[in-house]
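Encoded as structure tokens, the structure appears first; notes follow it.
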Amino acid sequence: MLLTIDIGNTNIKIGAYQGERLTAHWRVTTERHRLADEYLVLLHNLFDLGGIDPRHIDGCAISCVVPPLTGEFRALCHKYFRVDPLMVNASTPTGLQYKVDAPAELGADRIANSLAAFRRYGGPVIVLAFGTATTFDVITATGEYIGGAIAPGIGISADALFRLAAKLYQVELVRPPKVIGTNTIHHMQSGVILGYAGLVEGLVRRMQAELGTSCPVVATGGLAELIAAETEAITTVEPYLTLDGLRLIYEMNRQ
């Protein structure tokens, strides 16, 4: 059994694979000051709830954009599973060709997303990941990663309004009843949710214009469904795209 772990700034996504089948998955809050033993206890509880026997785990693939946790999860895999985890980065063989100025700066999650989308949909393809930041990644028909964009995440945008505007407050991130709101809550929801859909439409349109063709737009991340419901720019939502990408990378690099 393969364990895939995507460590983001806000959440950690964990998936257990039996072959190509995702048999269990979890999402927990990222606590960057936790130690390996603390995460071990958390994993043990999750495995109990999911009916997963840790003795069956014989491989682990990890993407991490939180440097303090890289060593902790490596230690966890050594101690708990007796495996040497595959820590994904731009040097990990994936079959993708990086046509950007500094490939080493690419987050491992973006690499996993790009490979999974390219394998599933071919290219060109645009990948959107809605996380702490929202990332856009573009892969060509020949498997070249040619770049993308990074925008402030939806949560960051909403929090900035709450923290920096004295008379505004936190609101639930849901679709407002209509675009033209009639109270402050609906005003903010319209600006954040529908405004973000407009941001997606604008960047996708510009990227496809540079590519010279339309192409699939694949979205993943916690708020992908919310934004996809508000725009036709997103072709499909793949909730487990990053975990699937980690599985694919692991299979490519198995000894």
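Backbone N, Cα and C define each Cβ position, glycine as well.
Just so it is clear, the model here is predicted, and its values are computed rather than measured.
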>> Going by the ATP site in Swiss-Prot, where D6, I7, G8, N9, T10, N11, I12, K13 are listed, which of the candidates T94, T132, T134 is also part of it?
In response: T132
> So around the ATP site, D6, I7, G8, N9, T10, N11, I12, K13, T132 aside, which residues have their CB within 8 A of the centroid of those CB atoms?
Replying inline: T30, V65, V66, D109, G131
> How long is the line from the C-alpha of G107 (substrate binding site) to the C-alpha of I12 (ATP binding site), rounded to the nearest angstrom?
Replying inline: 14
> In Å, how large is the greatest distance between any two Cα atoms among G107, A108, D109, R110, T184, the listed binders of substrate?
Replying inline: 39
> Any idea which of the binding-site residues T10, T132, T184 has the thinnest Cβ neighbourhood at 10 Å?
Replying inline: T184
> For I12 (ATP binding site), what is the secondary structure state per DSSP, taken as helix, strand or coil?
Replying inline: strand
> For G8 (ATP binding site) and R110 (substrate binding site), what Cα-Cα distance in Å is obtained after rounding to a whole number?
Replying inline: 11
